[in-house]
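Undergrad: Pasting a structure below so you can have a look.
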């Protein structure tokens, strides 16, 4: 029968994994915390702005925007989780109880998983609408809510599994170097799961990219096609490129480092880069808000309304209302999805 170390301190497991546990604040620790808190605050503000815009603007009450709102909620949660980490890192790590340490890690795992799965759901939705040339996805609101519920259930399961058994408290030889209370097998599973989601996203967006490029080539041979359509297609290609580039840059390093640690690579100095790859993954929560929302003209207009709320009340700022004809009411927005005039 294996002996479990439930009553040991966090310091005990860090020593077991030979991970440095400082007792005093170093310059490096202060810089990491300061940068982390700054990123967290920006992530919170930007994603809160996106959520508010989707709630108050009736033009955003469609499946794709509900998914965008849920992505913003996941990224908002990621900002909160990362901020919690910043307040419980460095010399404060040694003061944590085992339970608090698991809470700290579970918050991060849950939020980051929810963000990644949301990105996958949006990729699939974009694929469906682009290839069927629909104004919006035919998915009902009920199905969207079920999908959002499934996303959070999946994220919670993956985030809470280590706390309820998939740890190394009863098998010290299996402890991770980066997360000394986690089993290396869990890190391997988590990293591979995210890499699989990443590969699916690459396939989906590459398919969209190829389709749009071919569509533009065929349309360019006809002088009668609407210039607005070409402009929208070019914008969609740019958006897809930004999405893939941001995701690759922000997520791949962290997943590779986790996988190397999970596989027990002895010659890989994963501890030297762990804080930086985690920060890079957190930055993706900021980029998501920019790529998926700020490239939308209607979204930017709503942001201005929110930020200039006081000006609106004092009648110092009056939005310009432009009446569109029937043809222009149904156009593709700059981020690649259709928008519909609220009067329809």
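Cβ coordinates are placed from backbone N, Cα and C, and glycine is handled just like the others.
So TrEMBL has the following annotated:
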type     : residues : note
DOMAIN   : 46-292   : domain 'G-protein coupled receptors family 1 profile'
TRANSMEM : 30-57    : transmembrane segment
TRANSMEM : 64-87    : transmembrane segment
TRANSMEM : 107-124  : transmembrane segment
TRANSMEM : 144-166  : transmembrane segment
TRANSMEM : 186-212  : transmembrane segment
TRANSMEM : 233-256  : transmembrane segment
TRANSMEM : 276-294  : transmembrane segment
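Help me picture these features in the structure, burial and contacts included.
TA: Remote same-chain residues near the transmembrane segment (64-87) are listed as 33, 36-37, 39-41, 43-44, 47-48, 50-51, 54-55, 104, 107-108, 110-112, 114-115, 118-119, 121-122, 125-126, 129, 136-137, 141, 144-145, 147-148, 151, 155, 278, 282, 285-286, 288-289, 292-293, 337 (criterion: CB distance under 8 Å, separation of at least six residues from the stretch ends).
Remote same-chain partners of the transmembrane segment (144-166), defined as residues 6 or more beyond its termini with a Cβ less than 8 Å from a stretch Cβ, comprise 63, 66-67, 70, 74, 102-103, 105-111, 113-114, 117-118, 121, 181-183, 185-186, 190, 193.
Here the transmembrane segment (186-212) has Cβ contacts under 8 Å with residues 109, 113, 116-117, 119-120, 123-124, 126-127, 130-131, 158, 161-162, 166-167, 176, 178-179, 233, 236-237, 240-241, 243-244, 247, 251-252, 255-256, 258-259, 261-263 of the same chain, all six or more residues outside its ends.
For the transmembrane segment (276-294), the list of distant contacts is 32, 35-36, 39-40, 42-43, 46-47, 49-50, 53, 68, 71-72, 74-75, 78-79, 82, 108, 112, 115, 119, 122, 239, 242-243, 246-247, 249-251, 253-254, 257, 300, 303, 335: same-chain residues at least six beyond its ends, Cβ to Cβ under 8 Å.
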